[in-house]
Amino acid sequence: GFNSNESSATYFILIGLPGLEEVQFWLAFPLCSLYLIAVLGNLTIIYIVRTEHSLHEPMYIFLCMLSGLDILISTSSMPKMMAIFWFNSTTIQFDACLVQMFAIHSLSGMESTVLLAMAFDRYVAICHPLRHATVLTLPRVAKIGMAAVVRGAVLMAPLPVFIKRLPFCRSNILSHSYCLHQDVMKLACADIRVNIIYGLIVIISAIGLDSLLISFSYLLILKTVLGLTREAQAKAFGTCVSHVCAVFIFYVPFIGLSMVHRFSKRRDSLLPVIMANIYLLVPPVLNPIVYGVKTKEIRQRILRLFLVTTHTSDH
């Protein structure tokens, strides 16, 4: 999609999985089922927390936010990916690409903020249990949720602008199954230093800062927990385990993907592509499972939900 007079792309081509074009039709089936599991799992969590009044606590409300973001993150990329794999629909309009890129990056920023809020909630609950109810009131939790959305959107607002100002004259073939900033900017035939610096600033001020603060809150939690009785220790660790899992599930693929992009020189390498797909699919699939297995209250509700549905279908 090049106009000879103004060297700019009107559309991009998404390869899917470079080198695996023959098998990606079949690979789409497990990917699609993972996507459906992610959506169903996260909707189940949202439904359970909404309908169960005893779960109207900050921890579970933040979990609902996380589930909502996970649904949006996987939905911003998966349907188009399925279209590439199944119907060979590889083109994406320039503006659609910008929208997808903005959605994926801003939702990731929001998710990072929510994970930080959850760490703060655990910190207050364990280190200052008597103040928990007054510090994390429901209106305040709602405000934190709004702040997460605003922060993610504001941090990424310059992104489409920075991409739109670039001329594209090399190629319009992207190495991923969806639009990523790192991927698109490499196709520009102009100086992309501004984009690189902006990308680094965003990663440091969002992901870097958040993961640092989360680690710090867990150091404080650990310090407090070590002073408790065995029983209280077990209980405190129990409420943190699922959040720690969620943190690792989100940050490890994210940081891995950023590293691979920074240091991988080959355009056709499969590693970044696979990591990018893991990053958008694995957290949404695993989060509900981790919380469903590790959180007693949610586990009981899920079992009850399924027992009720199987019970009614038997009659």
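Every residue gets a Cβ built from N, Cα and C, even glycine.
From a predicted model like this one, the values you see are computed outputs, not experimental measurements.
These features come from TrEMBL:
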type	residues	note
TRANSMEM	25-48	transmembrane segment
DOMAIN	41-291	domain 'G-protein coupled receptors family 1 profile'
TRANSMEM	60-78	transmembrane segment
TRANSMEM	98-120	transmembrane segment
TRANSMEM	141-163	transmembrane segment
TRANSMEM	196-222	transmembrane segment
TRANSMEM	234-254	transmembrane segment
TRANSMEM	274-293	transmembrane segment
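Between the transmembrane segment (274-293) and the transmembrane segment (60-78) there are 3 or more Cβ pairs closer than 8 Å, counting only residues 6 or more apart in sequence, so the two stretches are in contact. Tertiary proximity for the transmembrane segment (234-254) is limited to same-chain residues at least six positions away from its ends with a CB under 8 Å from its CB atoms, namely 59, 66, 108, 111-112, 115, 118-119, 122, 125-126, 207, 211, 214, 218, 221, 224-225, 228, 275, 278-279, 282-283, 286-287, 290-291, 294-295.
If you look at the transmembrane segment (196-222), the same-chain residues 6 or more away from its ends with a CB under 8 A from one of its CBs are 105, 108-109, 112-113, 115-116, 119-120, 122-123, 126-127, 151-152, 155-156, 158-159, 162, 181-182, 185, 236, 240, 244, 247, 251, 254-255, 258. Long-range contacts of the transmembrane segment (60-78) within its own chain (CB-CB distance under 8 A, at least 6 residues past either end) are made by residues 31-32, 35, 38-39, 42-43, 45-46, 49-50, 100, 103-104, 107-108, 110-111, 114-115, 117-118, 121, 138, 141, 144-145, 148, 177-178, 246, 280-281, 283-284, 287-288, 291, 297-298.
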